[in-house]
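Going by TrEMBL, these are the annotated features:
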COMPBIAS  449-462  compositional bias 'Polar residues'
COMPBIAS  465-477  compositional bias 'Basic and acidic residues'
DOMAIN    58-206  domain 'Oligosaccharyl transferase STT3 N-terminal'
DOMAIN    581-640  domain 'STT3/PglB/AglB core'
REGION    449-503  region 'Disordered'
TRANSMEM  18-41  transmembrane segment
TRANSMEM  104-124  transmembrane segment
TRANSMEM  136-155  transmembrane segment
TRANSMEM  162-179  transmembrane segment
TRANSMEM  191-208  transmembrane segment
TRANSMEM  239-262  transmembrane segment
TRANSMEM  269-287  transmembrane segment
TRANSMEM  299-323  transmembrane segment
TRANSMEM  364-386  transmembrane segment
TRANSMEM  392-412  transmembrane segment
TRANSMEM  512-536  transmembrane segment
Amino acid sequence: TSTAAVPTLYTNNTLRNAFGGVLSFFILLLIGVLAFSIRLFSVRSFIPRPFVILLDRSVIKYESVIHEFDPYFNYRVTQFLTKKGIYEFWNWFDDRTWYPLGRVIGGTVYPGLTLTAGTIWWLLNSLNIPLSVETVCVFTAPIFSAFASWATYLLTKEVKGAGAGLTAAVLLAMVPSYISRSVAGSYDNEAVAIFALIFTFYLYLKVCSWGGYTFIINLIPMHVLLCIVTGRYSSRLYIAYAPLVVLGTLLAALVPVVGFNAVMTSEHFASFLVFIIIHVVAFVYYIKGILSPKMFKVAVTLVVTVGLAVCCAVIAVLIALVASSPTKGWSGRSLSLLDPTYASKYIPIIASVSEHQPPTWPSYFMDINVLAFLVPAGIIACFLPLSDASSFIVLYIATSVYFSGVMVRLMLVLAPAACITSGIALSEAFDVLTGSIKFQLPGVTSNAEVDAGETSSDTSEAQTDEVKAEKPDDTSKNRPSKKSKKKERELAENPPAKATAKAKAKAEKKRLLALPLEASVISLLLLVVLGAFYVVHSVWAAAEAYSAPSIVLTTRSRDGLHVFDDFREAYAWLSHNTDVNDKVASWWDYGYQTTAMANRTVIVDNNTWNNTHIATVGTAMSSPERAAWEIFHSLDVKYVLVVFGGLIGYPSDDINKFLWMVRIGGGVFPHIKEPDYLRDGQYRIDSQATPTMLNCLMYKLSYYRFVETDGKAYDRVRRTEIGKKYFKLTHFEE
C-alpha cells in the first residue's frame, strides 16, 4: 500500500478538483437563476402560476411595464434604433423634446444600454423568437444582474479564491441596493453598467483590460500608483495599464457624447499622469538590467530628471487648458462628489434630484443590510496577506464608501465592493471555524492522519522535484523508467526527515490556531443566522420596497389593495384628446414619459442639459397667472401638466417640488426670490402662506376646485387646510 501512496494522493486531488469545479459551476448557475428571478416580483405575467402561488400572489401584482422616468426615454430610443438602424440613430435630431431647441440624440446619449438591448432584440428575432422591444427592455436588467453576479465571482476569486467568490456572488445577487436599480422594468444605464464595471475590474486584474469611464479610469490609476509606491511594480502591471489608457481613451473618444472630453476634461488627467509615471518606472527597471550599478545610478538620475520635467510640462499644459473654465474642467456632478456642498451652492438643478442627496444611516442598513458589519472584517482579511489584487479591492471599497456618503445614488457603486469584501470575510470565517471543528472532532481527522497527509503531500512535491531534476525527457515518455519507479517507492516508504518535520510544524500550527469546539459551533450557527436574516431582508426588499413602478401607485386599506393608474391615464388622455403637434409644458421630471407615452412635444425633459430653459419653466410656475401665460404663450405651449397628490396622500407631487422650481428659476431670473414664498423661513400653503405663494401659477393649478372634494380643502400630504380655497382661473382652462 505504501508504494501506491503517492499516485493515490494525486488521483484523490484530481477527483476532488474536478468535483469542486463541477459543483462550483452548478452553484454559479443557481446564483444566476436567483439573481434573475428575485427581480421579477414587479412582473406578474412572466412568472409561472405555481411560483406565483409560492411567492404569494399579493406581491406579484404588476404587469410587464417600464419603471420610473429615464427608462422611458431609453425605451423610446431603443424603439427608434430597432426600426431605423444604427446610422439613423447616430444622426437622429429629436424635435419633440426641448421645444423649440430640439435635441441631437446620437450625440448626447451614452449608447451602451440602447445598443445592448437592440442587439439582444435583433438576435432573438434572427432566431425566430418574436419578442417585442418592450419585453427585451423590461428583462435586460435582471439578465445582466446574473452576469454581474458571475463577474463578481471571477473578480473575488482572483483575490481570495473560489469560496470567497461564490459567497460574494450570492451576496450581490440579493443585495437590496443593486435590486433597487435592476428589477424587471428598470431599463436605465445601471442595468448594464454595474456588470461592465465589475467585469472591467476583473479583466484589469487578469491583465487584459480595455476601457472604462470616470470612476473606473480614476480608480485604476490610483491602484497602479499605489503598486509603484509600495514597490509592487511588475511587467504585468505595465501590460495591464498601458493598453488600458491608450485603447480606452481611443474607444471612449469614438462615442459622440464623450468625444474630445476624453482628453480635455479633468476627470481623465489622473490616468495620463500615471501613464507617464509608469513609463518612467518601466524604463528605469529596463536600464537596471543592462547597466552596471555605477552607470545605473547616473542613468536613474538622468531619467528621473527628464521624467519630472515632462510631468511638470504636462501638468502646466493641463492647468493652462482648464484655467479658463469656471469649474476648472470638472463637470458639475464630479465637483459635487469632491465638494458635497457645491451643487447646493451653484447648481440647484443637480441638488434638486432626490437621488443626489446624501444618504442617511438607515439607508445603509436598508440597501446593504448586514454587509455593513462584514465589510471591516473583509478589509482586514485583504491585508492577510496583501497582494496586488487585494490592495485593489481595499482601494475600491474605500473610494466607493466615500462616494456613497455624498450621493445616495452611488450606494449602487458601493454594493459590489461591499459584497466582495463581505464575501471574503464570510469565506475566511467559515474556513477558520470549519477547520477548527474538523481538527477537534474525534474520528474525523486525527493528528496522525494530518501528519500523514501533510507528509504525503510534501513527499509528492519532493518526488516530483527529484524526478524532474533527474531527466527532463522522462516527462514526455508514456512509461516512467525503472529508476523513477524505484525513487517513488523509496520516497513513499521512507519520507525525507525535512518533509516530516515540516508536516509536524504545520500540524502544530493548526492546533495552536484552532478555536475551542463549542465556540466554533456557536459562531458557525450565528453566521448561518446572519445569512438567513440577509436573505429574508433581501427578498422583502425585492418584493415590497423596490418592485413597485413609480408610474403605478398602490395603497392598502381594509378593503384590500388599491391601484392608482393616474399617470398612464393622463398620458393616454393627452394622446387621444390633443393634436399631435401640440406642445406640453411640465416640470422636467415628466418630460421623458410625456414624449414616450403621450407622443407629444415637451419644453424640458430629464436630460437637463439646458439650465436656462428649465429656469424659464420654473419661472412660469412661480409667476402670477397672467405672467405665466405670457411665458408659455411665447413658447407656443398649448397644455400645462401638473401632478398633485394632496387628495390621495402622494408626497412626490409638484407642490413638494415647488421650491426647487423657485430656486432654479431665481438662479437665472433675479426677480424670482425664494424668501417671497416663505413665511418666517417656512414653506407653507395654509392661511399663513405669503401672497406670492397663494397667487403663483403652481398653487392655482394644483388647488383649483380642490375645496369641492371635501368642503374643507384638506391637503393629506401637507396635513393642513389650504390658505386660498376659492378662486377662478382667467388664462387657463382645466
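Keep in mind that glycine also has a Cβ here, set from the backbone N, Cα and C atoms.
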Chain residues outside the transmembrane segment (104-124) and at least six past its termini with a C-beta under 8 angstroms from it: 74, 77-78, 80-82, 86, 89-94, 130-131, 133, 136-137, 140, 187-189, 191-193, 196, 255-257, 607, 609
Taking the transmembrane segment (364-386) as reference, the highest number of CB pairs under 8 angstroms among 18-41, 136-155, 162-179, 269-287, 512-536 goes to 162-179
State the non-local partners of the transmembrane segment (269-287) in its own chain: residues 6+ outside its ends, Cβ under 8 Å from one of its Cβ atoms. 217-218, 220-222, 224-225, 228, 233, 235, 237-238, 241-242, 245, 248-249, 263, 296, 299-300, 303-304, 307, 310-311, 314-315, 318, 329
Chain residues outside the transmembrane segment (18-41) and at least six past its termini with a C-beta under 8 angstroms from it: 47, 55, 59-60, 141-143, 145-150, 153, 162, 166, 169-170, 172-174, 179, 182-184, 538-539, 542-543, 547
Report the DSSP secondary-structure composition of the domain 'Oligosaccharyl transferase STT3 N-terminal' (58-206) as helix, strand and coil residue counts. 96 helix, 4 strand, 49 coil
Overall pLDDT for the domain 'Oligosaccharyl transferase STT3 N-terminal' (58-206), taken as the rounded mean: 88
